[in-house]
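See below for the structure under consideration.
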Amino acid sequence: MVFETSKATSYLKDYPKKDGLSVKELIDSTNFGGLTYNDFLILPGLINFPSSAVSLETKLTKKITLKSPFVSSPMDTVTEENMAIHMALLGGIGIIHHNCTSEEQAEMVRKVKKYENGFINDPVVISPEVTVGEVKKMGEVLGFTSFPVTENGKVGGKLVGIITSRDIQFHEDNKSPVSEVMTKDLVVGKKGISLTDGNELLRSSKKGKLPIVDAEGNLVSLISRTDLQKNQDYPNASKSFHSKQLLCGAAIGTIDADRERLDKLVEAGLDVVVLDSSNGSSVFQLNMIKWIKEKYPELQVIAGNVVTREQAALLIEAGADALRIGMGSGSICITQEVMACGRPQGTAVYGVTEFANKFGVPCIADGGIGNIGHITKALALGASCVMMGGLLAGTAETPGDYFYRDGKRLKTYRGMGSIDAMQQTNTNANASTSRYFSEADKVLVAQGVSGSVVDKGSITKFVPYLYNGLQHSLQDIGIKSIDELRENVDNGEIRFEFRTASAQFEGGVHGLHSYEKRLHN
C-alpha cells in the first residue's frame, strides 16, 4: 500500500514516539554511560526564518544579561584586561585571572571599566598654569593630548577651556601656559543630559570631546568621540545599565587573603566575581559566598566548579548567583586522570543545570568547548553560557608573546593546575595553589599541563565567527533563541541521537588525501 503524499505529515502520529531521543533518554547513564559533547548530535528542525533572526541573549547570573553566551576563562594565559575589554565589546564577558597580586588584578579591572565610558566620570583634568611642554609629556605617557582645563585642575572645578592636540601641535614654546593656547569657546552638555542626547550633541558639534557641566559651569564628566565610535562598532557591547561602562568579572580564591583582594576589586568597579576552585563543594567556598553576600549584597557571585546536583545544592543554598560546571574536561586539565575525580562534561552539564534551573540559577559550561557544535550542545543541555580557555588561547588578545616553532606561530597556553602556573608567583598571590587546595604542599601535584597553541588571530574576528556560527546552528535546529532552545529541549520537542565511534568518524572529515580546514574568512 502506498500512502497519499499530501498527507505525509499526518501519518507521523502513527509512530509511538518522535524520531530520536529526548534529553532524559540521552543522558541515561545506564544505557550510554557518561557523555561528552562528541557523543551525541541534535536532530534538525524546520527552518522558516533567517539566521540573523536568532537571538543569543542569555543570563550570566541572576541579574546580569549578556548579548552573547561567551565567557573567557580566568587563566593567566587567557584573560587579562585586553581580553576582558574585547570580550565585553563583543557581547560577552572576560573573567580576569588572579595568578597575580591583588593590586595588579585590581588595576586590570580598573582598565576595563575605564576603557569605554558613556560618561567619563574621572577624566584627566589640568589647570590653566600647566605648560604646553607638560601636556606633550602627558600625551606621551597617556596616549592622548586632549584635556579639559578647570580653574583648580580637578573634576568639579569651573571649566575654562579644553586643550587639544591641534592647539599644541605647532606651538614651539613649551613654556607657554595652556591658558594661552587652549580652546575657550566650548560646546558643553548640561548635567543630567542623556547619553543619547549627549552623543547627538557631540556629533553635531563635530568636536572630539563634550564636557558635561553643572548649573555653575563646573565640570562633572566628559563624553568622548572615540567612545561614540566604539558604540557604533560594537552595538552588542556588555555594559552596566547604570554607568554604561563595560562589564568586567574577576576570579578570586577562598582563602582569607582573598577577602582583602575582593575589597580592592570592588573598589575598582568589579561587576561579578568568580570563586575559582577545582571543587566548589568546600566549606571554604560556602563561607566565602556567605561573607560576600553579607558585605556586598549586590555583587554577583559565580560559584563552582561543580559536576553533581549535590554539589550545586550546597552552593545555591549559600547564595550563589550562578554556577560553573566542569571538572577535568578542559584540554589542558588532567584532574580526571590524576585524581580519579570528575565527570564527563555533557552528563555533568545536564545533571547540574536540570537542578539549578529550577531555582533560577544560571549555569556556565566550563571546559571541553572545542568548536561551535560544542557550544550549541552545552546550551541545549541547559547551560546559559560557555566558558572558553583553549578555544580563545592563541588569539592576539591573550597575554604573552608569540614565538615560532617548526614554522608555526604559537603562543603559550597552560592549565592553572600545571606546575608552571603553580610556581608563577609567591604563595599568597598564587591562584593555582589556592584553586587546587595546594597552598601548604611541599610537593606540588599537577592537575594540568603547559603547552602551546597556533595563532588564531584576533577575537574581533574569531568571536563574531562563533556568534554567527551559533546562530546558524540554532537555525538548523529550528530555534530562534537560547530560551526557546531550553524550553523545547525540556518539553521533548528537540530530539537527540547517540553517536557510536563509527558515527563520529563519519561526521568528521574523511576519505581525503589532504585538506585545508579554514574556519572563517
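Sequential numbering from 1, following the chain as shown.
Including glycine, each Cβ sits where the backbone N, Cα and C put it.
As recorded in Swiss-Prot, the features of this protein are as follows:
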ACT_SITE  C333  active site, thioimidate intermediate
ACT_SITE  R435  active site, proton acceptor
BINDING   D276, S277, S278, G326, M327, G328  NAD(+) binding site
BINDING   G328, G330, C333, E506, G507, G508  K(+) binding site
BINDING   S331, D366, G367, G368, G389, G390, Y413, R414, G415, M416, G417, Q447  IMP binding site
DOMAIN    119-178  domain 'CBS 1'
DOMAIN    182-238  domain 'CBS 2'
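Between G508 (K(+) binding site) and G367 (IMP binding site), the C-alpha separation comes to 21 Å. For the recorded positions C333, G367, G389, Y413, E506, G507, a Cα to Cα distance of within 10 angstroms from M327 (NAD(+) binding site) holds for C333, G367. Considering only the binding-site residues G326, G367, G389, G508, the Cβ with the fewest other Cβ atoms within 10 Å is that of G508. The binding-site residues examined here are G328, G507; by Cβ neighbour count within 10 Å, the least packed of them is G507. Only G328, of the binding-site residues S278, G328, G507, have a C-alpha within 10 angstroms of the C-alpha of G367 (IMP binding site). Ranking the binding-site residues S277, S278, G389 by Cα distance from G507 (K(+) binding site) puts G389 first. Residues in the domain 'CBS 2' (182-238) partition by DSSP class (helix H, G, I; strand E, B; coil) as 20 helix, 15 strand, 22 coil. The Cβ of E506 (K(+) binding site) lies under 8 Å from the Cβ of no residue that sits 6+ residues away along the same chain. According to DSSP, G507 (K(+) binding site) is assigned to a helical segment.
Y413 (IMP binding site) is 19 Å away from G326 (NAD(+) binding site) when you measure Cα to Cα. Taken residue by residue with DSSP, the residue listed as 'active site, thioimidate intermediate' is part of a strand. In space, C333 is the closest of the recorded positions C333, G389, Y413 to S278 (NAD(+) binding site), judged by Cα positions. Taken over all pairs of the listed NAD(+)-binding residues (D276, S277, S278, G326, M327, G328), the Cα spread reaches a maximum of 14 Å, rounded to the nearest whole number. D276 (NAD(+) binding site): 30 other CB atoms within 10 A of its CB, across all protein chains.
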